[in-house]
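The substrate binding site feature in TrEMBL is assigned to LYS90, GLN111, LYS114, GLY165, SER376. Per TrEMBL, active site, proton donor is recorded for LYS126. Residues or ranges marked as site 'Important for catalysis' in TrEMBL: ASP166. Feature annotation from TrEMBL assigns NAD(+) binding site to THR209, ASN240.
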Amino acid sequence: MSYVDEVLQKVAEKNPGEKEFQQAVKEVLDSLRPVIEANEEQYRKDALLERMTEPERIITFRVPWVDDNGQAHVNRGFRVQFNSAIGPYKGGLRLHPSVNLGIIKFLGFEQTFKNSLTGLPIGGGKGGSDFDPKGKSDREIMKFCQSFMTELYRHIGADTDVPAGDIGVGGREIGYLYGQYKRLTGLYEGVLTGKGLTYGGSLARTEATGYGLVYMVREMLLNAGMTMEGKTVAVSGSGNVAIYTTEKAQQYGMKVVTLSDSNGWIYDPNGIDLDLVKQIKEVRRGRIKEYAEAKPGVEYHEGKGVWSVKCDIALPCATQNELDLEDAKQLKANGCFLVAEGANMPSTREATDFFLESGMMFMPGKAANAGGVATSALEMSQNSERLSWTFEEVDEKLHNIMINIFKKVDEAAKKYGYEGNYVMGANIAGFEKVVEAMNAQGIV
Ligand SMILES: NC(=O)C1=CN([C@@H]2O[C@H](COP(=O)(O)OP(=O)(O)OC[C@H]3O[C@@H](n4cnc5c(N)ncnc54)[C@H](OP(=O)(O)O)[C@@H]3O)[C@@H](O)[C@H]2O)C=CC1
Ligand SMILES: O=C(O)CCC(=O)C(=O)O
């Protein structure tokens with residue numbers, strides 16, 4: 001049996017029921033086969049893949065909190081410190097009722113390669129809780145965050161592990177988490193990113209994942225001799241990544257016609273009115289349905305369906321496995337020729353294979369959405385030097401980082417004879433740096 005198959009079997013046996021984690025490991029290792037086969041003997045001797053697929057540390061803890069009516073609740077908290085070969089663990093915290101250990105492990109595993117691609121010194125980690133922030137008051141969110149940090153603080157630090165936002169965690173939550181960390185430790189340090197601008201946050205971090213995604217799309221189009229102006233774009237989600245993807249796409253003259261949330265999706269043939277979306281989602285914390293209620297001529301549909309519209313470009317920005325094989329086929333049939341993932345692993349394995357086999361341009365999340373964590377690393381740099389850079393400085397650095405990621409991914413795919421296969425390119429380029437760092441540090 002090949003080394004890859006042997007490790008995939010062990011991962012399945014050792015992580016039963018963790019389907020997203022198994023899916024992510026299989027997708028990465030399958031695409032690394034040519035590299036691994038060329039070094040099989042050494043990698044096997046060093047148990048390289050076994051070490052790479054086993055988190056360095058998993059922390060789980062109880063998160064008790066009391067709601068506004070005096071009722072106590074208990075959630076489960078997680079932090080998976082996956083790989084510190086190239087820097088302190090870095091990755092977001094997710095608050096969503098679907099969160100479980102397998103999901104956090106898949107995200108931490110992916111984060112390791114993504115962070116490697118940024119070219120910055122950050123290792124991979126991820127965390128979160130099965131707490132549902134929807135419908136909770138600000139005070140309930142605060143109490144939850146304080147309780148969560150009361151356990152987490154002993155495992156993190158500006159030079160050891162630096163969490164940030166992800167689904168359900170934005171500026172409000174980071175503020176409450178930071179306040180509690182400071183209270184418990186007495187330290188005023190860059191232990192979290194995505195902080196508010198008044199207490200150490202970086203300009204452009206809020207926009208970074210979405211802006212970075214569009215900078216990546218720009219490189220893909222330029223490389224194919226195409227322009228952005230006038231392209232029709234379908235975006236899913238209506239949170240941080242979807243909103244700032246839409247903003248940057250519109251700035252480049254593209255027309256975004258869809259957004260969604262977990263209840264349904266909207267189709268605005270005239271192009272999304274982003275001020276209205278921000279009002280609904282960032283100010284009122286409302287549902288995307290309210291957009292259609294406020295605007296005549298906009299369609300609202302319950303459930304899934306964003307990928308059924310006619311578009312040139314599809315940018316999934318909601319959650320994992322939100323775009324399946326049927327969606328992929330429908331996109332192709334409707335003329336879509338480019339898909340870039342704002343979310344982490346939003347395309348199922350079958351959908352990804354279809355994109356690659358049918359000749360569509362496809363950029364996986366670990367490359368396409370790396371602008372968020374890259375800008376978090378820029379926030380860490382600013383915190384270390386006790387300085388704040390201008391929006392333009394950070395945005396320019398972000399843009400260059402995305403250009404460099406595209407180059408690395410493109411070149412790695414070409415080097416192994418898979419030109420245009422950015423899944424292989426991203427996995428290989430991310431993997432090579434982690435391997436070099438792990439080898440240099442011995443069997444640890
Ligand atoms: N924030 C960041 O900097 C980065 C985020 N990402 C990834 O981008 C994706 C979106 O994150 P972000 O925008 O920050 O999160 P937000 O919480 O701001 O927004 C998430 C959006 O996705 C929708 N959504 C979440 N879960 C589901 C679900 N199970 N089914 C349908 N819709 C869902 C939400 O709808 P609803 O409100 O109804 O739940 C919401 O519209 C995630 O995959 C995240 O891991 C990747 C890199 C960096
Ligand atoms: O900014 C960060 O540290 C993490 C962002 C994140 O969670 C991600 O890239 O998926």
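A Cβ is built for glycine as well, from the same backbone N, Cα and C atoms used for every other residue.
A 10 Å cutoff on Cβ-Cβ distances gives THR209 (NAD(+) binding site) a total of 29 other Cβ atoms nearby, all chains included. Residues ASP166, taken from the recorded positions LYS90, LYS114, LYS126, ASP166, SER376, are distinguished by a CB atom under 6 angstroms from ligand 1. DSSP classifies ASP166 (site 'Important for catalysis') as coil under the three-state reduction. Other than the site residues LYS90, GLN111, LYS114, GLY165, SER376, same-chain residues with C-beta atoms no more than 8 angstroms from the centre of those residues' C-beta atoms, the substrate site, are GLY91, GLY92, ASN115, ILE122, GLY125, LYS126, ALA164, THR193, GLY372, VAL373. Only ASP166, of the recorded positions GLY165, ASP166, THR209, ASN240, place a Cβ under 6 Å from an atom of ligand 2. The subset of binding-site residues (LYS90, LYS114, THR209, ASN240, SER376) lying with their Cα within 10 Å of the Cα of LYS126 (active site, proton donor) consists of LYS90, given in sequence order. Taking Cβ-Cβ distances under 8 Å and a sequence separation of 6 or more, the neighbours of SER376 (substrate binding site) in its chain are LYS90, ILE122, VAL162, ALA164, THR193, GLY194, SER202, ARG205, ALA208.
For GLY165 (substrate binding site) paired with ASN240 (NAD(+) binding site), the C-alpha to C-alpha distance reads 10 Å. Proximity note: of the listed recorded positions (GLN111, LYS114, ASP166), ASP166 have a CA within 10 Å of the CA of ASN240 (NAD(+) binding site), given in sequence order.
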